[in-house]
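Enquirer: After the C-alpha cells below, expect a handful of questions from me.
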Amino acid sequence: MKILSANAIRKVDAYTIEHEPVSDYGLMQRAAGALTEWLLERIPSGTHVVVLAGSGNNGGDALVAARLLMLSGFSVSTYCCHHQVTVSPTCIIAKDALLAIPDADCKEVAGRDFFPRIESTDWVIDGLFGSGLNRPLQGLAVDCVQLVNRSGATVVAIDVPSGLPTDGDFVVDPELCIHATYTLTFQLPKLSFLFAEHELLTGEWSVLDIGLNRNAIENAETSFHMITHDDAAALLHQRAKFAHKGHFGHALMIGGSRGKIGAVVLASRACLHSGVGLLSVHLPQGGELVLHTAVPEAMVEADQNEKYVTHVEISGKHNAVGIGCGLGTHPQTAKALEDILTRAICPMVIDADALNLIATHPELKSLLSANTIVTPHPVEFDRLAGKSSSGAERLENARQWAVDHQCVVVLKGAYTAVINALGEVWFNSTGNPGMATAGSGDVLTGILLALLAQDYDPFDAARLGVYLHGLAGDLASNATSQEFLTAGVLIDFLGSAFKKMQKE
Ligand SMILES: NC(=O)C1=CN([C@@H]2O[C@H](COP(=O)(O)OP(=O)(O)OC[C@H]3O[C@@H](n4cnc5c(N)ncnc54)[C@H](O)[C@@H]3O)[C@@H](O)[C@H]2O)[C@@H](O)CC1
Ligand SMILES: [K+]
C-alpha cells in the first residue's frame, strides 16, 4: 500500500474528479459519508457533537458530516473558524447545504468570545485543517485547538489532526495541534502518523476508502509504502516436495558473551523455527553447554575464549551469517567483527552489539557489503549515524545511510521501516506494544538470518521477516495478552504466523 505526499494526493483527487463521474463536491460527500458511517457506529446516542470547520476542503468535509449527523438525529453545534479570507468554493456549497436544514446551528467564530463551550461528554469533529496545512498554526486557530485539547472531549480528526503536517515536513509543537482520540484519514495512510512523537496527536488512526482512482494511485510516484498482508504473503517462497535440508541453507549465528548467552539461544531458536536447513552457532566457550541443551537442533562452534567471541572461522559452507545478539563490545570481539566483515562474502544480518561496535569503530562501515541487513533500534541508529531531533529526521538519515552504505536498513519501532539501497521505505503494519520486551530483537535477527540462508533477496527477507515477527506478536497477544508476551512466546507463535502467510 502506497503512502503518498499531500501534493500527490491532491493530484490523485484531481485525476479522480477529471476522469470519473464525480464532482469536487461529490467526492467531499463521499468522504463525509464514509466518516459519518464510521461515527454512527460509535457515537453513543444522545451525544452532543461539536463540529469545527476551517476554510478549506477539510472544513467542507466537516460541514457535510455535520449535516449528515443532524439528519441522523444528533444534536450538532457547528462553528466555522475562517483562517483566511478566501473560503474554498466546495466548503461554501457544503455550508449552504447545512444551512438549508431547519434548525441548523452554525456559527462564525470571529474571536475568542465566540468559542463554543465544550463538555467532556461531547464529541468534537475536527475539520479545521487537513492535508492543505503548510505551516504551524497561529492566532485564533491555536486558541481553538487548545480549547479542544483541554476539554477532555472525544476528538475525531478528519483526515489529519489540525496542526499536523501530512508529510511530517516541519516539527510540530504538540501545543499547536489537535490531540485526536481518533483520526480518520482518507484512502491511504499518511507519513506523519508513523512517527512515535505524533502518537499523542493522531490517537488511534484508521483509513477510510473514498474510491479515489486506482490507476492514479498506481501511477503516483512515492518512496514510501506500507507492507500489507498480501505484499508479505507474495514474498514467501514455496517449499518443494522433494526438498531436503541442504535446499534451505546453512546459517551461521555469531553472538553471546558472559551473561548474555540467552540472546543467542533466542535468536537460534527463532532461526530454526523460520525454515532454515542447518544452523551453526559460534559463541563463547562458556555458553556451549547451555546452547546444546536449549537448542539441540543447532551445531555449536565454541570460541577459544570462555567469556566473549574472539575469532570466528568463516568458510564457504555458510549461506548467511548473523552477528550481534548478546555479543558484547570487548576490543577482541571488535577485531573478530572486522575479520568477519572482511572475509564473509555471503549475505549478513548485523544487529545489537555488532552495530554498537561499528558505531565505535566507524572504519568498519566501509566493510559492509551490499547484501547486508542492519537492524538498529532508534538509539542504536543514532549511535551509528548521529543524533536525530525527530522521527522524520531519523527516517531521512536512515534513508541516506542505506544509500551511502548500499545495504538494507531495518529501523525498528512501532512502524518498523525497511529501507533499501535506493532509499525506498516499506513500513511494517504488524506488531504491538507487547513486543517491547527483552529478546524481541534477537528473535527478529533469527528470522532474518533464516530467510537469508534460504536465498531470499535481503530486501525481501527484511520485509517478510518484520511482517512475520509482528504477526507472531499479534497472534501471541491475541491468544494471551501483551503483558504476558516474552521473546520465547513470540517464537512459539512463529508457526501460526507462517501458516497465515501460506496460500490456502
Ligand atoms: N477533492 C478533494 O481535494 C478532496 C479533499 N478532501 C479534504 O480536503 C482536505 C484538503 O483541503 P484543502 O487543500 O482545502 O486544505 P485544508 O482544508 O487543509 O485547508 C488549508 C487551507 O488553509 C491554508 N493554510 C495552510 N496552513 C495554514 C495555517 N497554518 N494557518 C492558516 N492557513 C493555513 C492553505 O492556504 C489552505 O488554503 C483534505 O484534508 C480532506 O479533508 C476530501 O474532501 C476528499 C476530496
Ligand atoms: K482535521
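Any Cβ shown, glycine's included, is placed from N, Cα and C.
Because TrEMBL annotations are produced automatically, they should be read as predictions rather than curated entries.
So TrEMBL has the following annotated:
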- 57-61, 130-136, D159, A263, G326, H377, D442: (6S)-NADPHX binding site (BINDING)
- N58, D126, S162: K(+) binding site (BINDING)
- K412, G413, A414, Y415, T416, G441: AMP binding site (BINDING)
- 9-218: domain 'YjeF N-terminal' (DOMAIN)
- 228-501: domain 'YjeF C-terminal' (DOMAIN)
Enquirer: Report the binding-site residues (N134, K412, G413, A414, T416, G441) that meet this criterion: Cβ distance to the nearest atom of ligand 2 under 6 Å. Use sequence order and write none if nothing qualifies.
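Expert: Listed by sequence, the hits amount to none.
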Enquirer: Across all the protein chains here, work out how many other Cβ atoms are within 10 Å of the Cβ of A414 (AMP binding site).
Expert: 16
Enquirer: 10 Å Cβ neighbour count around K412 (AMP binding site)?
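Expert: K412 (AMP binding site): 23 neighbouring Cβ atoms within 10 Å.
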Enquirer: Just to verify: the residue among G60, G413, G441 with the fewest other Cβ atoms within 10 Å, which of the binding-site residues is it?
Expert: G413
Enquirer: State the three-class DSSP label for A414 (AMP binding site), counting H, G and I as helix, E and B as strand, and everything else as coil.
Expert: coil
Enquirer: Would you mind sorting out which binding-site residues among S131, H377, K412, G413, A414, Y415 put a C-beta under 6 angstroms from ligand 1?
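Expert: Passing the 6 Å Cβ check against ligand 1: S131.
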Enquirer: How big is the gap, in Å, between the Cα of D159 ((6S)-NADPHX binding site) and that of N58 (K(+) binding site), rounded to a whole number?
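Expert: Per the Cα atoms, D159 ((6S)-NADPHX binding site) and N58 (K(+) binding site) stand 8 Å apart.
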Enquirer: Just to confirm: which same-chain residues, 6+ apart in sequence, have a Cβ under 8 Å from the Cβ of T416 (AMP binding site)?
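Expert: Result: V410, F427, N428, G431, V466, G470.
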Enquirer: Fill in the CA-CA distance, S131 ((6S)-NADPHX binding site) to S162 (K(+) binding site), as an integer in Å.
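Expert: Approximately 9 Å lies between the Cα of S131 ((6S)-NADPHX binding site) and that of S162 (K(+) binding site).
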Enquirer: How many neighbouring Cβ atoms, not counting its own, are there within 10 Å of the Cβ of S131 ((6S)-NADPHX binding site)?
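Expert: If we count other Cβ atoms within 10 Å of S131 ((6S)-NADPHX binding site), we arrive at 23.
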Enquirer: Would you count the other C-beta atoms found within 10 angstroms of the C-beta of H377 ((6S)-NADPHX binding site) for me?
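Expert: Around H377 ((6S)-NADPHX binding site), other Cβ atoms within 10 Å: 18.
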